[in-house]
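> Taken from TrEMBL, the feature substrate binding site covers His144, Thr145, Lys282, Asn291, Arg300. The divalent metal cation binding site feature in TrEMBL is assigned to His174, His219, His274.
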Amino acid sequence: MTLSTQDSALRTPIIALTAGEPAGIGPDLCVLLAQQKPAGSRIVAIANRSLLAERAAQLGLPLELVDFSPAAAAPDRAGVLEVLHRDLSEPALAGKLNPANSRYVLDTLTAAAQGCLDGTFDAMVTAPVHKGIINDAGIPFTGHTEFLAELTGTAQVVMMLVGGGLRVALATTHLPLKEVSAAITRQSLEQVIRILHRDLRSRFALANPRILVAGLNPHAGESGHMGREEIDVIAPVLETLRAEGMDLAGPLPADTLFTRYQLQGSDCQLAMYHDQGLPVLKFASFGGGVNVTLGMPIIRTSVDHGTALTLAGTGKIESGSLTAAIQLALEMARNQKADRP
Ligand SMILES: NC(=O)c1ccc[n+]([C@@H]2O[C@H](COP(=O)([O-])OP(=O)(O)OC[C@H]3O[C@@H](n4cnc5c(N)ncnc54)[C@H](O)[C@@H]3O)[C@@H](O)[C@H]2O)c1
Ligand SMILES: N[C@H](C(=O)O)[C@H](O)COP(=O)(O)O
């Protein structure tokens, strides 16, 4: 299925859309997307065909599924969706989690990522998965971010969410709070900032991004009286990287980093852990934000919300975050092409 580099540079970008947890709202999102496809892209749902057809019937929406073939012309009628079929272990019901189908979920992610690596797809966009049910199936799983890092052989990735005028990146991803401090070492933080800086330049076309860096402790440690990570780890890393010309502010108290005074002129905000940064981002833009994985050889964006099990099959969901995730993936693919000699 591999395409040559020349073909891939000339064609309409092809985006792999993984449908996520089959009991959640991912299949609904695919059906909604088929009704009004974003211009300038070709979307291929990686999902189970019967599941998509059943969910469309449940939603009362038209859906014609066409098997994806890279060489064939993309159908551009409303209600038609190209699909790369994957087998479910058991039929999926909206709202009812079933660990038997967790392998299917990971299979869709693997197919999308491998297609990005071999040039079949220009980017992958992910609908939400349910981390708990994958673990219940006996498969350790903390998130797409870590799963895709491993699959693409990337030692360090950076999670960043974009929305509401913010770009909030995280120094650590899905970690229990008690493990956060030990995970932030000079080496790991330096690597996170290098990846962030590089990808903001190459994929977001920001020539010299200004990055605000949060402290870890209340009031950024209050000069060492409320924790020493700022003095021992964060400040020395910032000093090293500033000497190379990076525009870095911090370590800043996290509670005021997101005020309009501090945000002015910044391009990105680096939080030290998941719930230091993401509540702010989601308060500002939930339903329209995008989750991006930086540092990988492939482009991956995602919706900013979860599986919303109680809404699956009801027709009561919003799809703005999916639309934004596709738009951002396209923009990143364009910027990446422009950045390459
Ligand atoms: N990208 C991802 O794969 C991703 C992201 C976040 C959470 N999750 C997973 O999703 C599961 C459920 O997480 P949660 O309950 O914390 O978050 P959630 O986003 O599923 O739900 C939070 C609230 O938002 C509502 N909601 C979510 N998406 C919506 C949409 N598109 N339209 C309308 N309302 C919507 C829900 O009904 C709920 O009230 C967890 O297993 C979590 O790990 C996955
Ligand atoms: N941290 C993400 C969020 O809160 O939106 C979410 O858990 C998804 O993470 P992955 O993309 O790693 O699955």
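Here the Cβ of each residue, glycine as well, is placed from N, Cα and C on the backbone.
Tell me what's around each of these sites.
Annotation note: Lys282 (substrate binding site) sits in a helical segment as assigned by DSSP. Here Lys282 (substrate binding site) comes close to Leu161, Gly289, Asp304: these same-chain residues lie at least six apart in sequence, with C-beta atoms under 8 angstroms from its C-beta.
Same-chain residues at least 6 positions away in sequence with a Cβ under 8 Å from that of His174 (divalent metal cation binding site) are, in sequence order, Lys131, Thr142, Gly143, Thr145, Glu146, His274. For the recorded site, His174 (divalent metal cation binding site), the DSSP three-state label reads coil.
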> Determine, to the nearest whole angstrom, how far the Cα atom of Asn291 (substrate binding site) is from the Cα atom of His219 (divalent metal cation binding site).
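Spelling it out, the Cα of Asn291 (substrate binding site) and the Cα of His219 (divalent metal cation binding site) are 27 Å apart.
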> Report the same-chain neighbours of His144 (substrate binding site): residues 6+ apart in sequence with Cβ closer than 8 Å to its Cβ, ordered by sequence.
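Listed in sequence order, they are Leu109, Thr126, Val129, Thr293, Arg300, Ser302.
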> Taking ligand 2 as the reference and 6 angstroms as the Cβ limit (strictly under), which binding-site residues among His144, Thr145, Asn291, Arg300 are close?
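The ones that qualify, in sequence order, are His144, Thr145, Asn291.
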> What same-chain residues, at least 6 away in sequence, bring their CB to under 8 Å of the CB of His219 (divalent metal cation binding site)?
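Met226, Pro253, Asp255 - these are the non-local Cβ neighbours of His219 (divalent metal cation binding site), listed in sequence order.
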> Rank the binding-site residues Thr145, Asn291 by how many other Cβ atoms lie within 10 Å of each Cβ and give me the one with the fewest.
Thr145
